[in-house]
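Enquirer: Encoded as structure tokens, here's the structure I'll be asking about.
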Amino acid sequence: MKMARSFMDLIWDYAVFVVFIIFSTLVPLWGRFFGKKEKTKADYVFGLGTISMGAMMLSIARGTLGVRSFLGYPSELFYRGSAMWETLYGMVTAYPVVCFIFIPVYFNLGVTSVYQYLDLRFNSRLVRCLASGTYIVRSLLNLGVTVYTPTVALNTVIGIPYWVSLIGISAISIGFNLLGGLKAAITADVIQGVTMILISLGIIIQAMVTVGGFDKIFTIPAEAGRLNFFNFTGDFTLRVDTTSAWLGQLFMSLSIFGCQQNFVQRYLSMSTFKEVRRTLMSNIPVVIVLFCLAWIVGMGVFSVYAACDPMQAGYINKMDEILPFFVEDKFSYLPGVLGIFMASLFNGALSLNVSNLNSLATVTWEDFLSHLPRFKGINDKQQLHVIKFIGSIYGVIVMGVGFSVGLLSGVIESSMLMTSATSGPLLGVFLLAMLVPIANWKGAACGMIVSHIITLWITFGSLTVSKEAILLPTTIEGCTNDTFSSGITKPTKSWLLTNTPLEVESEFSYFDTTPQTPATQGLGFPENLYSVSYMYYSLIGTFLTVAVGILVSMLTAHSDDAYDRKLLHPIAYHCSMIFPGKARRFITNPDIRPKDTEKAGVDQKKAPIEELERDNLGFDSVSQQSGVTVVSVDPIPPKPNEREVYRKRDIEAAH
């Protein structure tokens, strides 16, 4: 591999890179050695009472946008235009839905894993394991891409061997997992978020100076056809238009924000529901600003290279290399800037890996291992050690997946398509649980299985349809000897870079998939179905899960399907009371311990998890018996003359 600049030219960048990585690693772990230590599982999982609202907001925003916001959006605008910018509509729409539909149900249940809720609601380990297993597999595949992505950029720009970066990211992630917890992960997110904001602002300023004015950052891309909004085509096979951007992002975001452990874990770490609501709603303008900032960076880079495309000129090999090339080219006069930029990519993968390892370990413990006889009855400290050990194992697995990505070019696209295909079934089963009173475990399980099968069939079937990558036109007519900085040379090709695509991990899979042209006329079934844009996969999966779940639940309804009313969203419960039908009883689950979270004038802290949660083991013992157990003691006494029933339209199945 031949670098664009010599080692001595990059000596300051190497030094800054190393110093920044050390700083961003030690600061989040400072409290481990000199502050309050995580003594319980709750401290590790939730960081109780130690995380500020500002840090939580930036962490949620950072997790929302991911590495793609820093590296991928600029290349998206440069070579494909602004169509994906409109996914912001769906992202913003999802926040209030999650805030007022999902969080009120989760918050007072005292659960550690979000998939615990499904077990409580459906009284079924099968549904719980289907959901949590999907999350684990999807996360491992995506994390493998996450940790691998910056290693290629580091190898391309400053010559660090990709395996060195991969081992470094994995080793630091495992250290974080052992020494820190959610608090350390959020602190790392804050450092990463602030760094990316500052670098983005620096790039915009540099582009403004280069092209001769801030207004040209907008006018040049607009004149080149890069800014095209409100494009309602009605074509379901088009890669993305305004409709598919909004709907696709809405359902994808609902699945991620409302049904994914690493996000819900952050919500539950806050003290009151009022604080969660304030944080989420206040996060909307933060996400808008950060989201748009990345696209403005793309406009700045395009305005500089509008007359001379580095990829067409042969200076870069992949679309996503455009931003690293810009920093290397235009900041060559300022030693160390390239080092900070590359360190931010490294740290971006690191912080995403750390927070997800924490969530993966928690889900694995709560949803699988804690129910095994070997682990029944172990104390809180032992549980904490097991969770940390699980996280370390996952760190090694992710590193292995990362090495596989470097050898098998198809892994990237396959893992991203898996993300898109599994988001719908996950969202659908949670909507069934919260909003459909008649839903039972049989309907939920069948809905998820059928939805997985069909969406995966469509996803992999789409790979058989002929696709053509379409990029917006660029030119090299304006290239001169002074276009790029002195010392910038065309890199020689290596086997690794030639055979491995440089794609960026994203929570939103469609950013990483090859764009496709509209399906040709005359395609028959199933080719016309395969040609549907991947933007709609999450919507299709959600609809299938809900539709099949309701149908099967109606056909298999039984008195054993009774559940605690608190597991249903209050709006869904009150709406069900309006419908005619046979009145049915519900059970009171002793493992649900709601708490009054918004007493006027009282600064109430979150209760310790051991007092709020029994991991519904007692409820499991009920599920193993025949019939329905009605518990006479309800933690929340009913109002006088209130019937302990809920109404639903159903078909009662006889024994």
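Our numbering is plain: 1 for the first residue shown, then up by one each step along the chain.
Cβ coordinates come from backbone N, Cα and C, glycine included.
Just so it is clear, the model here is predicted, and its values are computed rather than measured.
As annotated in TrEMBL:
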type	residues	note
COMPBIAS	621-633	compositional bias 'Low complexity'
COMPBIAS	640-655	compositional bias 'Basic and acidic residues'
REGION	613-655	region 'Disordered'
TRANSMEM	12-33	transmembrane segment
TRANSMEM	45-67	transmembrane segment
TRANSMEM	87-109	transmembrane segment
TRANSMEM	129-148	transmembrane segment
TRANSMEM	160-182	transmembrane segment
TRANSMEM	246-264	transmembrane segment
TRANSMEM	284-307	transmembrane segment
TRANSMEM	331-350	transmembrane segment
TRANSMEM	386-409	transmembrane segment
TRANSMEM	415-436	transmembrane segment
TRANSMEM	443-463	transmembrane segment
TRANSMEM	534-557	transmembrane segment
Enquirer: Per the 3+ Cβ pairs under 8 Å rule, pairs at least 6 apart in sequence, do the transmembrane segment (246-264) and the transmembrane segment (87-109) touch?
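Expert: Answer yes, regions in contact.
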Enquirer: Please figure out which one of 87-109, 129-148, 160-182, 331-350, 443-463 racks up the most CB pairs under 8 Å against the transmembrane segment (284-307).
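Expert: Counting Cβ pairs under 8 Å, the winner is 87-109.
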Enquirer: Kindly say whether the transmembrane segment (331-350) and the transmembrane segment (160-182) touch, using the definition of 3 or more Cβ pairs under 8 Å where each pair is 6 or more positions apart.
Expert: yes
Enquirer: Under 8 Å between C-beta atoms and at least six residues away from its ends: which parts of the chain pack against the transmembrane segment (443-463)?
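Expert: For the transmembrane segment (443-463), the sequence-distant neighbours (Cβ-Cβ under 8 Å, at least 6 residues beyond its ends) are 118, 122, 124, 126-127, 130-131, 134, 417-418, 420-422, 424-425, 428-429, 432-433, 526, 529-532, 534, 537, 540-542, 544-554, 556.
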